[in-house]
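Here is the structure we will look at.
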Amino acid sequence: MVGKGAKGMLNGAVPSEATKRDPNLTRGNWGNQIEFVLTSVGYAVGLGNVWRFPYLCYRNGGGAFMFPYFIMLIFCGIPLFFMELSFGQFASQGCLGVWRISPMFKGVGYGMMVVSTYIGIYYNVIICIAFYYFFSSMTHVLPWAYCNNPWNTPDCAGVLDTSNLTNGSRPAALPSNLSHPLNHTLQRTSPSEEYWRLYVLKLSDDIGNFGEVRLPLLGCLGVSWVVVFLCLIRGVKSSGKASTPPQAGSVPTLKDPASPAWVVGGCRGWVRAIRGEEGPEDLWCLRDNEVVPGRKRAQRSPWSPSCPQVVYFTATFPYVVLTILFVRGVTLEGAFTGIMYYLTPQWDKILEAKVWGDAASQIFYSLGCAWGGLITMASYNKFHNNCYRDSIIISITNCATSVYAGFVIFSILGFMANHLGVDVSRVADHGPGLAFVAYPEALTLLPISPLWSLLFFFMLILLGLGTQFCLLETLVTAIVDEVGNEWILQKKTYVTLGVAVAGFLLGIPLTSQAGIYWLLLMDNYAASFSLVIISCIMCVSIMYIYGHRNYFQDIQMMLGFPPPLFFQICWRFVSPAIIFFILIFTVIQYRPITYNHYQYPGWAVAIGFLMALSSVICIPLYALFQLCRTDGDTLLQRLKNATKPSRDWGPALLEHRTGRYAPTIAPSPEDGFEVQPLHPDKAQIPTVGSNSSSRLQDSRI
């Protein structure tokens, strides 16, 4: 036995080397933990923080939104964020593969894919608008700074028009008459709002009146999708692992004198076969309860910038720009009024279910829960990574960014309200365009405003792309994992291209004159309560179908400690109960969607509900499908078999499959091979000797 072990060492099996390699040789891992944290922050901190949160907060009464927002964060957001990270990390699978835990609920994974598809379509439209503003800022005077443009109306009231300033320079002192109400105050609009509505969008009067496709926006949409595609195919972290076979000594050694045929797929672990005394090495597959010869699947590594310094820049640059705008915003006249509107709760609105529903949907939207991306990214973590710590850091950073961006927005809104002589609640667009009205207005008040405008919209583009990369990678990963053959693994670039082209074509209607109506419809229905429902079903299925004790034991095996008591209570009782009651009261107090003063027609609302149901309906449809194909004499037996974990559920690597996940290898007597682990302190392998008698022994080198 010693001789055989020494033979394995000649192939490069050095005990001290194992710790230097990625533990998961089949899929790949993050290069280091900071990569995962920063990429997750880039995924979670996106346009939802500086674009969606401010307009939802503004629409729901400022401070009235903050109270339910923090309640939802503490009792739903952080616990379910931790659940998704631990779920993906434990199984090392994407949003579809993890449902080996209970195959009947695999529809939850498909629902996540549908949600990610909807969000990916309209999210890139927001990025394309940021590209449009970025290109429009390449001038010595910002086009939304003054009211002397062809698209402006007589009701336009610009700040710089009254200050005799040019070239975007900063006013030495604002005129005193800006604080007085102007004539026809209810009709006064800022030049940034008119630029948004009348020039960028050329907004039509109805959601059914598409008008013309805005060619500048269409071109920017094409640029946005090209950038996403190129970054994904050029920025995949390979480090020599995407196509390089495992190094000798990194997997157990198996000796086999025969040369059997290859078998593909379904492997939970890998052992190395040495064909003859001096023959070539091959990989053998640990599949179900037997060792069979197999070909190792090509590795997939998570998206990560090829240069680590890029991650540090993209993660910190937005905070620098937001801080500059915050400092400028709070020094403007009237800023305090806007901030007080932001912080002061309107208690009558807090009792409205719509406010609580928007707060819940924003938490799930902002954190990325139920998108599938968190599970996918966590699946590339090393098995014993402290994802509990990561979930706390990422979720708090994300929500702190939202609150910080809110201070920036509302200080500017307070200034605009003071200038226009109207209440803060009526100063600007209540929809998704708020960020493209308030932020540009503040940029005109900075010195060398075109430069700061370029930097700001470059920041928006980076924030959006960070999330869009993960959205697209989630879809592509799910497709590749589900098909699973070698052809699609080799053609993953073409899959990515196909998804990008489809996203571009589906986004074209959103660049028409009615596009903003459709974007708001998708944001309110396709990516709102469906996220909440999917997360709730995921939580219930894990806690009550798989079993909370089983899942707590899994986490203890992975992290070395069980989940804290607070998270256990939230997962089992609090989070599902809060989500359930919010859904019930939202249905009771339902009000049709509006955009400013425009009331959506019934047929448009029906389309919105269909989009919302299209993701949720995947869950019962797949459950019925799984129930029909599962073996069982009675319906109860089929239900039991469909909900119990599949045989290959558990940690992906053999060395982590301990306790109830420990494999039982039962080779046939005629095989005549030996399995010899290189890390005897971590595994005990049943060995078959020359007399074909099976015995369990510690293997030593």
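The backbone N, Cα and C atoms fix where each Cβ goes, glycine too.
Annotated features, as they stand in TrEMBL:
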BINDING   Gly42, Val45, Ser366, Asn398, Leu463  Na(+) 1 binding site
BINDING   Ala44, Asn49  Na(+) 2 binding site
COMPBIAS  687-701  compositional bias 'Polar residues'
DISULFID  Cys147-Cys156  disulfide bond
REGION    1-25  region 'Disordered'
REGION    680-701  region 'Disordered'
TRANSMEM  66-87  transmembrane segment
TRANSMEM  108-135  transmembrane segment
TRANSMEM  310-343  transmembrane segment
TRANSMEM  363-380  transmembrane segment
TRANSMEM  392-417  transmembrane segment
TRANSMEM  451-472  transmembrane segment
TRANSMEM  493-519  transmembrane segment
TRANSMEM  525-545  transmembrane segment
TRANSMEM  565-588  transmembrane segment
TRANSMEM  600-625  transmembrane segment
Residue pair Val45 (Na(+) 1 binding site), Cys147 (disulfide bond) - Cα distance, angstrom, rounded: 34
Residues from the same chain, set at least six apart from the ends of the transmembrane segment (66-87), whose C-beta lies under 8 A from its own: 57, 98, 101, 342-343, 345, 350, 355-356, 359-360, 362-364, 367, 369, 374-375, 378, 381, 387-388, 390-392, 394-396, 399, 403, 535, 538-539, 542, 554-555, 558-559, 563, 566-567, 570-571, 574-575, 578-579
Those binding-site residues of Gly42, Ser366, Asn398 having Cα within 10 angstroms of Asn49 (Na(+) 2 binding site): Ser366, Asn398
Winner by Cβ pairs under 8 Å against the transmembrane segment (451-472), considering only 363-380, 392-417, 525-545, 600-625: 363-380
By Cα-Cα distance, the member of binding-site residues Gly42, Ser366, Asn398, Leu463 nearest Cys147 (disulfide bond): Leu463
Cβ contacts under 8 Å made by the transmembrane segment (310-343) with residues that lie 6+ beyond its boundaries: 34-35, 38-39, 41-42, 45, 50, 57, 62-63, 66, 174, 178-179, 304, 401, 404-419, 424-425, 439, 442-443, 445-446, 452, 455-456, 459, 462-463, 466
Output field, Na(+) 1 shell: CB within 8 Å of site CB centroid, site Gly42, Val45, Ser366, Asn398, Leu463 dropped: Val41, Tyr43, Ala44, Gly46, Gly48, Asn49, Thr401, Gly466, Thr467
Intrachain residues whose Cβ lies under 8 Å of the transmembrane segment (565-588), provided they are six or more past its termini: 72, 75-76, 79-80, 82-83, 353-354, 356-357, 360, 529, 532-533, 535-536, 539-540, 542-543, 548, 552
Result, the transmembrane segment (525-545) in contact with the transmembrane segment (363-380) (3+ CB pairs under 8 Å): yes
Intrachain C-beta neighbours of Asn398 (Na(+) 1 binding site), sequence separation six or more, cut-off 8 angstroms: Val41, Ala44, Val45, Asn49, Ser366, Leu367
Residue with minimal Cβ packing [other Cβ atoms within 10 Å] among the recorded positions Ala44, Val45, Asn49, Cys156, Leu463: Cys156
